[in-house]
Amino acid sequence: MKMSGLLSKPDYGVVGIVFTVVFCCWCSSSTTHALSIAEPGRDRYDKRSPTGHGVEVVESGEDYGSNRPQPVYGDEDEEDSADVYVGSDESSSGEKTRLTAAKRRLRFNKRRLRASKRRLRFHKRRVDSADESNDDGFDRKAREPRLRFHDVRKRSATAEEGSENAEIEESHLGNSRSRRSAGSAPSSANEVQRSKRLSITNDLRAIADSYLYDQHKLRERQEENLRRRFLELGKRGSAFFDHIPIIFGEPQYDYQPFK
């Protein structure tokens, strides 16, 4: 009977008081532990932080004494920094305020400097090419079909390699270089520019050639589809199908590549 009476209904008031006491003890112990950990850190901050950068205000003549801390004057432009008394308890908070103001001032000065030095910039997409140096900033990826013509690229690459080898050999020959005239350097630069122009011209011709070839193949496929459709409809005749492009208003072009 006694066991049944104990397990029937607990006293919630007693249980609440016990839990409240335990919670208060835990809070006090955690607060004490946190303060004990924070004390060495604050001492180290007070020792490492620069103190006395504010201006001390003297209200009356009685403050002049041996125990009064000496004022230390900081920079004149620090108008927004807080006054800090050397050796006072408020030195840490004043120092934090002063450092925050200094950081804000530096950030603002940098922002004004960036705004004054801002210039309009045109960003160019520079893509390396296999057969010519990309000094003019032209987008080489806009000419995707040129990648299919390996012989053109090989010719231009070998021409550039030959010019580079010639320049290296000339640089090794010091005596002959000293005997050369002063106009030899511009002539080599002109040769390089001429080779670049030739490579670009060859690329453009190859692109036009490929375009014409693709158009010719497309036209042949269209004619073949038309012939197949007419054959399926039952209209058979070789003479009629030869003139289908003319009937539909498509002139016949002979494929003539560039030479």
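From the backbone N, Cα and C atoms, a Cβ is placed for every residue, glycine too.
Owing to the predicted nature of the structure, the values given are computational and were not obtained by experimental measurement.
What Swiss-Prot annotates here:
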type	residues	note
SIGNAL	1-34	signal peptide
REGION	42-103	region 'Disordered'
REGION	119-150	region '2 X 5 AA repeats of R-L-R-F-H'
REGION	149-197	region 'Disordered'
MOD_RES	L233	leucine amide
Model confidence over the region '2 X 5 AA repeats of R-L-R-F-H' (119-150), averaged pLDDT: 50
Neighbouring C-beta atoms (10 Å sphere around the C-beta of the residue listed as 'leucine amide'): 8
